[in-house]
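What follows is a single structure, written as structure tokens, with notes after it.
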Amino acid sequence: MQLSTNKPDLQEMFDSLAPKYDRINSILSLGMHHLWNRKFSKMLGKSECLLDLCSGTGKVAYRYIHDYPKSQAILVDFSSNMLAIAKQRYPKAPFTFIEGDIAQLPIDQESHTLAAISYGLRNLPDRKNALNEIHRILKPNGCLGILELTSPSDNHPMYLAHRLYLKFLVPLIGRLCSKNKQAYHYLAESIKNLPKDDYLEQLFKDAQFQISKKRKFAFGAATIWILQKI
């Protein structure tokens, strides 16, 4: 039985995975997420405050304030356990925490210049509403950065190897490392089922964002988009 993609099921799953979430990201990215996080931070650029959506345990936000020491970050996630780990891990970091749904942010209209979603786009039940909400809270010409685990193009030589890794090795590692085998299966499937770039980029356009930067990593296994509000 697969997990559904409704909010309560996903929230329960991520709460249960919180203690092992960073290890899971290492498995899904073959350890390359550390490099991608650094690249993402640099591509986001300097801002007084980063609004880190789907923040997880705060690794991307911490990378950001490491790169830009005068900045602060607001971490938003619907998993209280994820935020609890971030609070415990970075007690002295200039972080503010909001437990909530990014499709209904308790944030004023046009109040932020920079937002980011890392490894969370594929888990959003309603990407259209989430993008519209982010557009609402960004100032004119504000930016949204997205870092996501994606797939090589269908005709790429690494496409088959990537599919086999997600289909067989990730669930196997999940069985060995965790009691929550179903969650590992879901996370692998979420990468496979993420729509292609053309579809996602039309969503961005429909939500009144334009692409200012885009970069692929590891033959397309990860993608960064920097979007500007229009």
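Cβ coordinates come from backbone N, Cα and C, glycine included.
Site annotation (Swiss-Prot, ligand S-adenosyl-L-methionine) includes Thr57, Asp101, Ile102, Ser118; from Asp67, Asp77, Asp108, the additional listed residue is Asp77. Here the binding-site residues are Asp77, Asp101, and the one with the most other Cβ atoms within 10 Å of its Cβ is Asp77. Across the annotated binding residues for S-adenosyl-L-methionine (Thr57, Asp77, Asp101, Ile102, Ser118), the two most widely spaced Cα atoms sit 16 Å apart.
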